[in-house]
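*Asks:* As listed in TrEMBL for this protein:
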DOMAIN    A:14-79  domain 'MrpA C-terminal/MbhD'
TRANSMEM  A:6-23  transmembrane segment
TRANSMEM  A:28-48  transmembrane segment
TRANSMEM  A:54-74  transmembrane segment
Amino acid sequence: MSPNDVFDLLILTLLIGCALAIARLKDLAAAVVLFSIYSFSLCLLWVHRGAPDVAMTEAAVGAGITAVLFFYALTRTGRREK
Amino acid sequence: MRSALALVLVVVLAALMMAGVSQLPPPGEADQAVHRHVAANYLADGVEEGGTGNRVTAVLLDYRALDTYGEVVVIFAALIAVLLVRSAGGPRTQPPPRRVPVSPVVDQVIRLMTPFIALFALFMIIEGHVLPGGGFQGGVVLGALMILLSLALGPDRLRGALHTGALFWLRAVAPLAFTVSALAGLGLVGWWFALPEPGWMREFALVLLELAIGFGGAAALTGFFLSLEEDIHR
């Protein structure tokens, strides 16, 4: 296994871990932060695979505006899942 | 029972997707169908024909301009749908939900970061035809900045600061710019979305298109947000 594959595997493990944690967490603010981490990991994967344009879209949309909108929604509701 | 059914569905779906993925060619293999069709022409002539060294921009704004046109029209159509649904709702009777105040730390950090985020967004939009990124990414960052400012300053101050008449037209600027580009290409060069002839004119047209996508996208996102926010308060 080349170092490139090891990097990809690390990122993919992080992605799956984040996804499972987001589904299980009751603290919604923490879930949004994890969602941002998920998007940034995916962004790293795109850069590593040679797609910087897709990576910038992922960072701007996935980690940027989606997280901002989720946080805005949280200021209107509650932080805990019921 | 329901969770067992869901599990079966997930497993079947995962198996189908795995079967599909396992049939994909290994990445970077040169003799696959996707690399033998038009990709070689894009790589060979993209810099000459596209007006920029960035071939991704050449594909997005020149070779596949019709697809990008469709994308900006989709965003515009979504904005119109939001505005229509909002205006059809009528006044609400229940009181608006309690607003949690933003912590002073978050407030100060947003104020401190605003010029840097704005500068980065502008840089992405203006240099987008040369570097990775571009109008769409820069526009999303600019739209996110507007929503952050609305968090820190309050939506009413943001609404006051943005001239609403200008915002109204800016939301439609991306589809309009692409329409003009399509017609100008047909009239001046001879086919839809053709870029004008000398190299500097091409680059100028690309910058204008990226500016339209960026500011149009940012205005559309801000418009979405402000109209939904207003709806909460009605």
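Including glycine, each Cβ sits where the backbone N, Cα and C put it.
Here the structure is a predicted model, which means the values were calculated and not measured.
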*Asks:* Same chain only, please: residues at least 6 beyond the ends of the transmembrane segment (A:6-23) with a C-beta under 8 Å from a C-beta of the stretch. Say none if there are none.
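*Replies:* Beyond its ends, the transmembrane segment (A:6-23) has Cβ neighbours at 31, 34-35, 37-38, 41-42, 44-45, 48-49.
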*Asks:* By a Cβ-Cβ criterion of under 8 Å, what residues six or more beyond either terminus of the transmembrane segment (A:28-48) are in contact with it?
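*Replies:* That would be 4, 7-8, 11-12, 14-15, 18-19, 21-22, 54-56, 58-59, 62-63, 66-67, 70-71, 74, 78-81.
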*Asks:* To what whole number does the mean pLDDT across the domain 'MrpA C-terminal/MbhD' (A:14-79) round?
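*Replies:* Residues in the domain 'MrpA C-terminal/MbhD' (A:14-79) carry a mean pLDDT of 91 in this prediction.
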